[in-house]
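Database features (TrEMBL):
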TRANSMEM  24-46  transmembrane segment
DOMAIN    39-288  domain 'G-protein coupled receptors family 1 profile'
TRANSMEM  58-80  transmembrane segment
TRANSMEM  100-126  transmembrane segment
TRANSMEM  138-156  transmembrane segment
TRANSMEM  202-224  transmembrane segment
TRANSMEM  236-259  transmembrane segment
TRANSMEM  271-290  transmembrane segment
Amino acid sequence: MVNQSSPVGFLLLGFFEYPGLERILFMVVLTSYLLTLVGNTLIILLSVLDPRLHSPMYFFLSNLSFLDLCFTTSCVPQMLVNLWGPKKTISFLGCSVQLFIFMSLGTTECILLTMMAFDCYVAVCQPLHYATIIHPRLCQQLAAVAWVMGLVQSIVQTPPTLRLPFCPHRKIDDIICEVPSLIRLSCGDTTFNEIQLAVSSVIIVVVPLSLVLVSYCAITQAVLRINSAKGRKKAFGTCSSHVMVVTIFYSSVIAVYLQPKNPYAQKRGKFFGLFYAVGTPSLNPLIYTLRNKEVKRAFRMLLGKDEDSRES
């Protein structure tokens, strides 16, 4: 079959059946996007300008913030247009670019969070050897691996998805162009694409999540062996922000990409997809700044306040 959708693009249905909800979601998405831009840009600036934040943890956090900026910008502007008015079209080129960037950055974030879990593991379980193991060159190599793996995954997954014979109605029952929704739009055989998606989900989602869980099992055992309550609290505090980010991120990813095939799960998946695309990038800087004394101190210094001033 010839792909007849490509010349004219697609219709992103989103939440068209709930017009009142769309206006509310427009304000929520816009607010979240502005928080994402401000929060993640602030983290990048603080990590660059404050010498005390020139450490592996903040190097990875800066990468995560930059990734979240690109991640949301790849989909939110189109999403706002669709939520605000009746026009819900997206060109084939626009959908292709959105799919490629969204998949690449989503994969990169999965891998990057795993790298950050490894950083926490070494900081808690091997504190005396931390500087030797997590040196700047290794940090750069790990970050490069995350970005390259995201690019490779998108190169592998995007072309077969876009070559599917899409149904003439061109209606994507989703808020953005994603692989699962485009597979559902196909009127041809999607066996290969579904197998490819399943294998990719295991490699990109299940394996990294398993490594994160193994890391935190080891961290928990190490913390419980600490005799002092103050020492245990400090050790848990080192990784608590990352645990929250991982929990929020992977919960939404699993709900989107590993959901069962039924109409209820599909509708629920749209809300999780919205949270995955907009909510998590806006929450990440809040989680890391509100629970991190070093970041708050660096922010006060940026504002010109005394670094030893009392925290509010």
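Cβ atoms are placed via backbone N, Cα and C, with glycine included.
Unlike curated entries, TrEMBL annotations are predicted automatically.
Within its own chain, the transmembrane segment (138-156) is flanked in space by residues 56, 59-60, 63, 100-101, 103-109, 111-112, 115, 118, 196, 200, 204, which lie at least six positions past its ends and keep a Cβ under 8 Å from the stretch. Most Cβ pairs within less than 8 Å of the transmembrane segment (100-126), among stretches 24-46, 236-259, 271-290, belong to 236-259. Taking the domain 'G-protein coupled receptors family 1 profile' (39-288) as a whole, pLDDT averages 87 in the prediction.
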